[in-house]
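Pulled from Swiss-Prot:
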| type | residues | note |
| --- | --- | --- |
| ACT_SITE | S87 | active site, phosphoserine intermediate |
| BINDING | G13, L14, S15, G16, A17, G18, K19, T20 | ATP binding site |
| REGION | 174-199 | region 'Disordered' |
Amino acid sequence: MIEHPGFVLWFTGLSGAGKTTIAVALENQLRARGIRIERLDGDTVRQSLTKDLGFSKEDRDKNIERVTFVAKLLSRNNVAVLSSFISPYAATRDHVRGETTNFIEVFVDAPLETCIERDVKGMYKKAIAGEIPNFTGISDPYEAPANPDIHVKTHEQTLEESVQTIIRRSSHGWNRTNTFPLKSRPNPPHRHKSKSSRAGEPFISPVFVLSIIA
């Protein structure tokens, strides 16, 4: 396994925008090259860690709060974390940024109409009919990132193009003497170290981790 600083790629967007699809593709590329990585997904988490929560704003915030705790533990122990969650509220996403190591916000963008067309489970149809309350994009708001670190448009880009955009933009956003994205809002400085936490181990910049698969 390659030793590297932990980081969190946080995929946010409407249901059906392509968050999980992109995260899985990126995970496969990273894992095949020996990167220590874990993927956290909204559907999976709600079947286990947060199965007691609903979809009110309070419960949504609690959902992300628990996920943030897991991502925080993983990233500070040099694990790359791919997190795919609608996470509709800007303030909540900003909180995640402040709590985790080397946070990169990825806005997976697609028009609502496109997401509805992709909805094979018919969730949007049920939400429009009023059968599902608090459904993001229909009866509950989605606060799109005003200045995401990375912005992919899945209605215009192929899956491979989206993945390569993330790799390229992430690599451009890091340098070899810093451990957080240069173009994003920095995490609290005391949470990060510019060298490996283990004495004697070489420091490998996140730009290297992502650039080796470009």
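Keep in mind that glycine also has a Cβ here, set from the backbone N, Cα and C atoms.
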Listed binding-site residues among L14, G16, G18 whose Cα sits within 10 Å of S87 (active site, phosphoserine intermediate): L14
All-chain count of other Cβ atoms within 10 Å of S15 (ATP binding site): 24
Local backbone state of G13 (ATP binding site), from DSSP in three classes: coil
For K19 (ATP binding site), the three-state class that DSSP assigns: helix
T20 (ATP binding site) CB neighbourhood, other CB atoms within 10 A: 20
Where the residue listed as 'active site, phosphoserine intermediate' sits in the secondary structure, as DSSP reduces it to three classes: coil
ATP site, defined by G13, L14, S15, G16, A17, G18, K19, T20: further same-chain residues with Cβ within 8 Å of the Cβ centre: S84, I86, V108, A110, C115, T154
Candidates G13, G16, G18: member of the binding-site residues with the richest Cβ shell (10 Å): G13
Chain-internal residues, separated by at least six, CB under 8 A from L14 (ATP binding site): I86, A110, L112, C115, T136, G137, Y142
